Every structure is written in C-alpha cells, then in structure tokens.
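Summarising the annotation, Swiss-Prot assigns substrate binding site to K8, D150. Marked as S-adenosyl-L-methionine binding site by Swiss-Prot on the basis of sequence analysis: V52, E74, G76, V77, S82, D100, A129, D152. Per Swiss-Prot, the feature divalent metal cation binding site maps to D150, D176, N177.
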Amino acid sequence: MDGRLPDKGILKSEALKQYIMETTAYPREHELLKELREATIQRYGNLSEMGVPVDESLFLSMLVKIINAKNTIEIGVFTGYSLFTVALALPEDGRITAIDIDQAGYNLGLEFMKKAGVDHKINFIQSDAVRGLDQLLNGEKQEYDFAFVDADKTNYVYFLEKLLKLVKVGGIIAFDNTLWFGTLIQKENEVPGHMRAYREALLEFNKILARDPRVEIAQISIGDGLTLCRRLI
C-alpha cells in the first residue's frame, strides 16, 4: 500500500454496506452535508476517508439529540462533516468548541455551514489538539455535555484525561476510529507500515478504557469503530 487509506467501514460485505447506505443513510443525509462530502472528495481524493461516513453521522446526530446536548467539543475537524452534523443537531442556542490545526480544511466546510445558518454555533480554535485542550482547561470554566474525538490516535489517552475534566458527569465522550480499519485483529506484519503506529496506540487505548472505572463504555461497530464513554465520576 502506498500510504492510501482503506475504505472506511469494518463491514466485510460490500453488498450489505451498500444496502445500509442506499436504504437508510443517503436518503436521510442533509443536502448541504452531501454537498460538503462531495466537495471534500473533489479536493482531497482518498484522504476524504478521514471524514465520518454518512451512517455514523446519522448516529451522532441522534445521540446528540437524545442526550439534549447544548455545549459540545470536537477534537479534530478536517473539513467539518461531523462538526456540521452536530451543529445541525444542536438547538439554536447550542455551542460547539472545535479544535484543529488545519484552517483550510475547516474553511471548506464553513461555507456550507454558513449556507445552513449554523455557523454561529461554532467556536473554531486553530491549534493542535493538545494545546487547544490545555487552553480550554486554563480558560473560563465550562461544562460540556458531549465531546467527539477524531484526531491523533497516539494521544487518545491524553485526550481522555483532559476531557474527563471538561465533560460533565453523565456526559458522553465519543472516540472515533477505535477499530482502525479492522487492523486491530491482524498480525503486525499484515498491517501497512503507515497504519501501525495508530494500530498500536488504539490497542493500548482500548485496553485502558476497558478497565477505567471513571467511565461506562460501549464500542460500536459503525464506521471505523466508535467508542462511547459516559463519565461516571
């Protein structure tokens, strides 16, 4: 493999994956989200796989509504498909603090968020995730209802520690890509070299989460693996 990302999704049946997308996902995709998805593919090609798939987006939207989230965090934005999803799901006075080092990717998504009239909900911080989270912790104290993490997998343990100080008791922290294209069950020599560091980091992260008494967890086999952590203490 030449550094390309595999198609996102751990379902091995392409026919079943296509059925899910065509029957329940694409028909429910917001038109402007569809336009953003297509614009991301056009600009980034294979790297567009870094965005969340449509079925996962629908799940996140419903989750945010079920827990009545109003104040949320997103760590890792890319072109903002998941950010846009959450912004649409939040009430009019909802707020998202989004952190990413890449202003250009965010700007691509921002034009679609403006068309939808949800850009006022977003506070974008151009920063790497570590410094951005430290900035939030050192700034005005706020409680967050929900956090979505799709950033450097080698820092997931660090992100967990920081977010447990920011997300309220009973709030949800969602970590994306926790099954990492299905490579966690492969032998190391079967995994493309450019994917091994994240594979090792996620193997360790999943073990840590499994025994962490501060959170209740559920790992969901949607997209590339999504782990929900509900803060208990």
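In case you wondered, yes, glycine gets a Cβ from its N, Cα and C as well.
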- Task: Please work out which residue of S82, N177 has the most C-beta neighbours within 10 angstroms of its C-beta, and give that one of the binding-site residues.
- Result: S82
- Tell me which residues of the chain lie with their Cβ under 8 angstroms from that of D150 (substrate binding site), as long as they are six or more apart in sequence? M50, V52, E74, I75, G76, F78, S82, D176, N177
- According to DSSP, folded down to helix, strand and coil, what is G76 (S-adenosyl-L-methionine binding site)? coil
- Message: With the cut-off set at 10 Å between Cβ atoms, which of these binding-site residues ends up with the most neighbours? Options: V52, V77, A129.
- Response: V77
- Message: I need the neighbours of the divalent metal cation site defined by D150, D176, N177. Which other residues of that chain put their C-beta within 8 angstroms of the C-beta centroid, in sequence order?
- Response: V52, G76, V149, A151, K153, F175, T178, G223, D224, L226
- Coarse DSSP state, helix versus strand versus coil, of S82 (S-adenosyl-L-methionine binding site): helix
- Message: Restricting to the chain of D152 (S-adenosyl-L-methionine binding site) and a gap of 6 or more, list residues whose Cβ falls under 8 Å of its Cβ, or answer none.
- Response: G76, A129
- Note on the structure: Reduced DSSP state (H/G/I helix, E/B strand, rest coil) at D100 (S-adenosyl-L-methionine binding site) is strand
- Cβ atoms other than its own within 10 Å of the Cβ of D100 (S-adenosyl-L-methionine binding site), all chains, total 24
